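The annotation ATP binding site is assigned in Swiss-Prot to GLY215, GLY216, ALA217, GLY218, VAL219, GLY220, LYS221, THR222 on the grounds of sequence analysis.
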Amino acid sequence: MASRSLASISRSASRLLQSNVQKCALPAASIRLSSNNVESKKGIHTGVATQQAAAATKVSAKATAANASGRIVAVIGAVVDVQFDENLPPILNGLEVVGRSPRLILEVSQHLGDNVVRCIAMDGTEGLVRGQPVADTGDPIKIPVGPETLGRIMNVIGEPIDERGPIASKNFAAIHAEAPEFVEMSVEQEILVTGIKVVDLLAPYAKGGKIGLFGGAGVGKTVLIMELINNVAKAHGGYSVFAGVGERTREGNDLYHEMIEGGVIDLKGKNSKVSLVYGQMNEPPGARARVCLTGLTVAEYFRDQEGQDVLLFIDNIFRFTQAGSEVSALLGRIPSAVGYQPTLATDMGSMQERITTTKKGSITSVQAIYVPADDLTDPAPATTFAHLDATTVLSRGIAELAIYPAVDPLDSTSRIMDPNVVGQNHYDIARGVQKILQDYKSLQDIIAILGMDELSEEDKLTVSRARKIQRFLSQPFQVAEVFTGHQGKFVSLEETIRGFTMILKGELDHLPEVAFYMQGGIDDVFKKAEELAKQHGN
């Protein structure tokens with residue numbers, strides 16, 4: 001009985017509650033109805049006003065988003081977590097820590113939830129505290145671009161670090177950009193003539209190609225880079241960009257002063273041919289992971305806006321990968337093989353795909369590559385190799401013979417060494433030169449044990465021509481005139497092919513091999529031979 005009475009009480013209470021709700025709802029419904037009638041009387045004017053108000057709200061929301069401010073909630077090494085009350089900044093936006101000198105820029109990398117974004121710091125995070133205010137800049141990191149950057153050194157965020165005042169550029173560009181569309185790309189394969197005989201003949205560079213430069217310390221890598229910068233400027237009127245990624249500060253400083261001495265950088269006038277972007281070894285991983293993109297952005301401006309053939313040097317591309325792996329671990333990503341970031345191929349691909357030839361101009365990239373423990377199967381160099389069009393190998397053995405540039409003619413390769421691209425004559429001469437050098441290499445053991453006298457007449461001729469070719473592959477550089485005392489030479493591709501054709505045909509067998517050393521074209525060899533003949537005649 002008690003349960004039935006309780007049930008009846010519950011039902012009556014429920015009916016009473018529903019009737020009260022309906023009574024309360026009636027006035028609200030009538031209010032909504034009357035307001036709708038009023039709005040319908042106002043007509044089209046109210047609709048327009050509503051649209052304008054909505055548009056104004058959107059604009060104000062955008063403005064608020066651009067100037068959104070947050071506060072630091074966590075600092076984990078080079079990674080900083082920032083919380084925003086509203087209007088989260090998008091991925092890759094730049095944030096600036098308020099009231100900090102020098103400026104500290106953070107780049108948004110992840111959205112964590114609870115209005116928290118995880119950022120990568122572009123400078124040291126020493127002294128940061130929780131609660132410190134952070135402002136959204138409203139854009140990705142932007143840097144100055146254009147002719148004003150020539151002869152200057154800047155860091156990853158575009159600030160000058162050469163103590164020569166601000167960079168007075170009117171143009172700025174974001175360091176993150178899409179690769180050119182397929183329709184914008186040039187399909188023609190064309191040689192970028194460097195004026196360096198051994199490169200142009202045996203491992204030519206393609207316009208818009210990527211070249212791996214392998215070389216240890218002291219084999220002439222820096223001098224080769226400077227000569228390439230100088231020759232591209234003179235032959236093509238093009239500019240160069242040098243990105244020092246994870247460089248030793250001392251080496252970066254030495255390169256800068258050598259460029260001033262070599263005339264590549266003009267401190268007094270406006271004849272500088274190169275822009276420098278440095279993210280040294282002591283910089284945090286965020287800066288080293290992005291300085292590549294800063295240099296590439298400077299090069300893209302010259303290609304897209306000025307139609308230039310730009311040369312982009314990256315030293316060292318391995319440090320780009322290394323910095324990415326450091327950042328990846330701090331961001332909480334699960335590492336892949338050998339501890340590298342799981343996004344290794346994506347990071348490398350998104351950067352390398354921007355280096356290409358378009359219908360406006362080209363970016364040709366020369367990338368120094370460090371191979372960890374000489375293991376070519378390591379994921380970092382292996383990922384880089386997939387993007388290369390040519391390899392230029394500098395050999396210590398050739399440098400010990402005082403043959404500069406010390407490029408190994410047998411190890412260096414190029415994808416465009418193809419008769420359909422370089423022409424049948426060029427291809428045949430290059431392969432003929434390599435065959436003679438390979439034959440000479442295989443005869444060296446016999447020569448070392450038995451001597452030259454035990455060789456056949458044919459082998460003696462091969463050795464004689466190979467030694468002339470080896471010496472003719474040397475060349476005086478314009479930027480090295482102060483070291484060598486020889487006047488630098490720029491040798492055209494036609495002149496290079498003519499010279500080696502004459503050697504292969506035996507037309508120069510009567511000339512002494514010393515006449516071929518440190519000469520430009522074949523005409524210089526004839527002059528040297530005449531001088532030697534006069535000296536011996538006297």
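Using N, Cα and C of the backbone, Cβ positions are placed for all residues, glycine too.
Given the structure is predicted, the values throughout are model-derived calculations rather than measurements.
The most crowded of the binding-site residues listed here (GLY216, GLY218, GLY220) is GLY220, judged by how many other CB atoms sit within 10 Å of its own CB. Neighbour count (other Cβ atoms within 10 Å of the Cβ, all protein chains): 20 for LYS221 (ATP binding site). Fewest other C-beta atoms within 10 angstroms, among the binding-site residues ALA217, VAL219, are seen around ALA217. A simple Cβ count within 10 Å picks out one of the binding-site residues GLY215, THR222 as the most packed, and that one is GLY215. Under DSSP, THR222 (ATP binding site) is assigned to a helix (H, G or I) in the three-state scheme. The ATP site, placed at the center of the C-beta atoms of GLY215, GLY216, ALA217, GLY218, VAL219, GLY220, LYS221, THR222, has further neighbours from the same chain whose C-beta lies within 8 angstroms: LEU394, ALA399, ALA406.
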